[in-house]
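Peer 1: One structure follows; several queries about it will come next.
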Amino acid sequence: MNRHVPPHVAAAEAREADGLGCTDVTPIKQRGQHEVFCGLTSIIWLHRKVQDAFFLIVGSRTCAHLMQSAAGVMIFAEPRFGTAIIDDRDLSGMADMNEELDKVVARLIARRPDIRMLVLVGSCPSEVIKLDLGRAAMKLNERFAPDLRVLSYSGSGIETTFTQGEDNFLQAVIGGTPRAAPDAPRQLLIAGCLADVIEDQFTRIFHGLGIENVHFLPARHAEGVPPIGPNTTVLMAQPYLTETAKMLEKKGARVLTAPFPLGEEGTTAWLRAAADAFDVPADRFAAITDAGRERARKAVSLYRDRLAGKRVFFFPDSQMEPSLARFLSREVDAEILEVGTPYLNKNHMAPDLALLPSSVRLAEGQDVDKQIDRVRADDPDLIICGMGLGNPFEAEGRTTKWSIEFAFTPIQGYEQAGDLAELFARPLGRRDLLQVEV
Ligand code: SF4
């Protein structure tokens, strides 16, 4: 009897057979118009994470409006980010701008002595680009150290997409971190911003595995990042930290590659990479992870009916797309049509790409018009895209999910695997309800 094989299952079987998945697929390289938030946006999660830091955006009113409307928290209590607005009068001379920045910082520090890390964040206006924020940070450091550490990085939309803001911030953080002594004890450094609750879950798992010396980058406090050197094994928690990883390697750290910790499979493979590096025995690994794996599988299974066989198209946005697509393909049997990503680091993404079907179209960079044409030709069941594209697609009767929600929602680890599946299932459920009501 002939077996009926749905296309997504056939693709998965082909992937199993060749063992390489998407690894050797040549991505479509695009250099057209981008539809992605700038690197300032990452401040929305970074300012919550580093509790004694203040992010001072040196920018225009546009930057201030973006941050206020995107974060929506400026009206509450004492915020931990703000904008030093560069006005027209500042155009008259750089000396004025440096003085102006000094005054803003002095006022801020006098009013907020609890701040331990001040982060100057550059933006796109040409007046700001001309300002040497690195030098400004150095001079402020001379003035305020050791009570206050001043860093700088660029979140400009010309240079960065929104997750690259975090990559730049972390480079600034570790740039000033001392080198570990040759006899420093071995340590595991988890690189990439995670919600506190997820950090706590992972910490408990690592301790259960016998890996006691665990640190997170960024740390919750300015002083929380340990000296880094050959004693440091790095496990990347986010896929968009290419430059941070390079800098950690330059400091002598060993950076592991693994699928990113999304879903049961991704989380297990990610934890196993650390366990292998620290020689954790297989039975101990199973004893610590089996219950979490089971809970994650059960939670995800609640959404499988809604997601299995659904044809999904990812626009480039956060660089998390290959890992998200791998989760959808492997754990709920969705069919992935295209995976767009602003930048594709084939080394970091290799374990995730190997688990994707070779039928997936990979696209690096963006040419939004061409991608819209491909969406219309593919007619997917679900489109993962930026806010600017979501509403027009919905108006065409298509179902969309805002990709930025995957960056803002805690989705890593076993306990969040069900929430991750639910994020994809929700718009499909909404569409079904609307169709019933019509
Ligand atoms: Fe706009 Fe540039 Fe400011 Fe971002 S940094 S809000 S892209 S002006």
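Just so it is clear, glycine is given a Cβ too, placed from its N, Cα and C backbone atoms.
For C38, C63, C124, the entry in TrEMBL reads [4Fe-4S] cluster binding site. Annotated domain 'Nitrogenase/oxidoreductase component 1' per TrEMBL: 45-425, in sequence order.
Thinking about packing and proximity, how do these listed features fit into the structure?
Peer 2: Its own atom aside, the Cβ of C124 ([4Fe-4S] cluster binding site) has 20 Cβ atoms within 10 angstroms in the protein chains shown.
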Peer 1: When you average the Cβ positions of C38, C63, C124 for the [4Fe-4S] cluster site, which other residues in that chain have a Cβ within 8 Å of that mean position?
Peer 2: G39, L40, G59, S60, T62, L66, S123, P125, G155, S156, G157, I158
Peer 1: In the predicted model, what is the mean pLDDT computed over the domain 'Nitrogenase/oxidoreductase component 1' (45-425)?
Peer 2: 91
